[in-house]
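One structure is given here, and the rest of the page talks about it.
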């Protein structure tokens, strides 16, 4: 859509600046577009921005359409900067490539290629065949960073998994007595609420439910609420816990291997979906669970489990990203739990290998953002 812009305010902007503006616009859709990608679009004519837009929500207009259709300017001869290759197929909305051609756009800068099999280079090729000059790969790394969830889901049909945990400077997620509220400060906890808004689902193990009785909702104002998932192999989740009692308000799923129909039927009238999965060592097979969640169009999963579930997730090879919050506190104690439990590994060369993407100071706490490059 068109936003009021000061006269001549962007006269000295470069191609890189325009694409950075498109990236900033795309980020405004965080949490609302899943399972669609984040996309921003800026249209420039005679050195000035005349239209801009972003994909605001699932089912809504795409970025290019938002920019073009809310603008009354003649766009003939203009240049478009789009963070993701324009679509060329009919989905919930008509093709964006057709619209850019119809409005006389003469040049299009594209940040990321779209791996969606329905697009996958066809959008750029259609523009070229219509005589539009296409430049691909402008700020590709930054544009790619907008959509790790979309890229993963569209190619695997499984959720992108982010493991999140908070620990003290000596690597403890709780004291020896089990107390964990609160390890991090308010600012870090507020960031977690934003992350919950951005992910389609959040998962904990039944031990976390029994110990903390969590709600697992996003407390950010006007947030989109994630699907709440409990990994509970033997259906030990109490019927009177907060997750079950609020299941009609917030979608709640229990993943289990139990075939106890009497137990299963106790949850259904309360609004809980019980998902029976394959068993692996008498526990939920997390690979099978991810397959089922993908079929439910859940494109992303925030894992806020305890040490046992965290290790199981790593052992199953489902984790794509890790957010490690470190608080400036020391608690010690041999019995105090660490973020990753389970049996662990026996040899260092078998360790899960991570790549550090960023380090951020949030209040007094540190957030380390890693991607998994070598799973177990």
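Quick reminder: no glycine exception, Cβ is built from N, Cα and C everywhere.
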Looking at the Zn(2+) binding annotation from Swiss-Prot, with 87, 96 already listed, which candidate in 62, 70 is the matching residue?
62
For the NADP(+) site that Swiss-Prot lists with 182, 208, 212, 233, 306, 307, 308, 309, 310, 311, 312, give the additional residue from the candidates 130, 145, 166, 351.
166
Tally every other Cβ atom lying within 10 Å of the Cβ atom of residue 309 (NADP(+) binding site).
24
Given the substrate binding site residues 180, 196, 216, 219, 304 in the record, what is the largest Cα to Cα distance, rounded to whole Å?
19
Least Cβ-crowded entry, counting other Cβ within 10 Å, from the binding-site residues listed as 87, 96, 166:
166
Within the domain 'CMP/dCMP-type deaminase' (13-135), count helix residues (DSSP H, G, I), strand residues (E, B) and coil residues, in that order.
37 helix, 28 strand, 58 coil
